[in-house]
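Report on the structure given below.
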Amino acid sequence: MTTIFFFFTSPTKTFNPITAKPRHTSPSLRPFSLTPLQSAAQPPSQAVQEFWSWLRAEGLVSDKTSTRPGVVQQGLGLVAQRNIGHKEIVLEVPKRLWINPDAVAASEIGRVCSGLKPWIGVALFLIREKKRGDSKWRVYLDILPETTDSTIYWSEEELKKLQGTQLLRTTLGVKEYVKGEFEKVDREILLPHKQLFPSSITFEDFFWAFGILRSRAFSRLPGQNLVLVPLADLINHSSSITTEDYEIKGGGLFSKELLFSLRSPTSVKAGEQVLIQYDLNKSNADLALDYGFIESNPDRNSYTLTLEISESDPFFENKLDIAELNGLGKTAYFDITLFRPLPPAMLPFLRLVALGGADAFLLESIYRNSIWGNLQLPLSRANEELICRVVRDTCKSALSGYGTTIEEDEELQKIGNLGPRTEIAVGVRWGEKKVLQQIEDVFKDKEAELDELEYYQERKLRELGLVGEQGDIIFWEK
């Protein structure tokens, strides 16, 4: 019986609109060159000076504050005004200055935003405050960038450089998602409540707010999954830092107000940037999508393989039951990282999806408690051969979809001077292709070893003592 085998190289995971760490603009892979805020050679913009004055008026900063906004190679960052020690607190921002769903709920638009997704409510709040001349937040909003090097802002011509990549498909999917959300909120919120939104709000406004939140919002904080923190969100990223050094804590003995507290993860000399780690788990494609930069760290290069049990499979129900008993489902996503082993559950799931023919008896209920253990090792030559052939063919097909080869990308990287967006495109597509080539090589090696592998039937015979040392079956005569 033919096994229906579904295998995808394009990710189809549920899109999470806000998963980002804070940043200001695209940090570079090269060392930062800093111009402190007070430098006469490159004075801060009027907007930055007004922002600092606002922070001072709010009691957040003073002449003794250890960091200030500084002009760095790619925009703004937090620059040390004196030597800062390891784990020293560099700033604390009270909740009254945060922009989060609570701030939206307490505003004039809180009532109409109460049923919206949290990020959409915050996005509408940002746009409305930006358009108000008397907004409390105006000086903060004025220093936020209009765009970054995130791929969501790339032109059609620039996106062509991502031909064949998963990042391209993800980027286009994100843009389509945001467009759909705007059309819905325009129809259900903006048009019926024009008195609350006197200034016209366009898709471009909505997309700007989305980009700001995706790139700058702090997430995964206790009780706060989406919060913009003025001043703290100027901090840039360093690939050499491996800890997250911020938290929400109480204001102390005489204050119940929550504080966003940021510590320096390393010792910093006066005039240098204070940097943090945005997210150790993001791939280069994630970094490019969210922030507009990539790293040279090979661990950032990954590729998502999507496996699915076809509903047309005659054993669909049995396979789905086995998958669910072992923490998986109809569809499984496997992120493969460059120079790392395959995810532990990938091969067992592949064998399950491909299982059929003479091996189908293993799907019977009597084997239900042992089947996943049996899938850890090769079941039969036919099953293993099918897996190798399909995975290799899929990888080859995906590799043929890129506009360049690995060697051509490496040559471009050697030449250098590519520009930030071209550098991102070349780096991401090179990384994806290297991972695809790695996967193809793994299964090519497996294919070459098919005759040497021990399969399920042989293992069972050996357990029963029916196989000799040379692998021959032992017979007993009466």
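Glycine residues also receive a Cβ, built from the backbone N, Cα and C atoms like all the rest.
Where the annotation comes from TrEMBL, it is an automatic prediction and has not been curated.
TrEMBL has this to say about the protein:
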DOMAIN    58-279  domain 'SET'
BINDING   Arg216, Arg220, Asp233, Tyr246, Tyr278, Tyr291  substrate binding site
BINDING   Arg216, Asn236, His237  S-adenosyl-L-methionine binding site
How big is the gap, in Å, between the Cα of Asn236 (S-adenosyl-L-methionine binding site) and that of Arg216 (substrate binding site), rounded to a whole number? 10
Express the distance between the Cα positions of Tyr278 (substrate binding site) and His237 (S-adenosyl-L-methionine binding site) as a whole number of Å. 6
For Asn236 (S-adenosyl-L-methionine binding site), the number of other Cβ atoms found within 10 Å of its own Cβ: 26
Pairwise Cα distance maximum in Å, S-adenosyl-L-methionine-binding residues per record: Arg216, Asn236, His237: 12
Given the binding-site residues Tyr246, Tyr278, Tyr291, which one has the fewest other C-beta atoms within 10 angstroms of its C-beta? Tyr246
Just to verify a number: CA distance, Arg216 (substrate binding site) to His237 (S-adenosyl-L-methionine binding site), in angstrom, no decimals. 12
Highest CB neighbour count within 10 A among the binding-site residues Arg216, His237? Arg216
Please report the Cα separation of Tyr246 (substrate binding site) and His237 (S-adenosyl-L-methionine binding site) in Å, rounded to an integer. 13
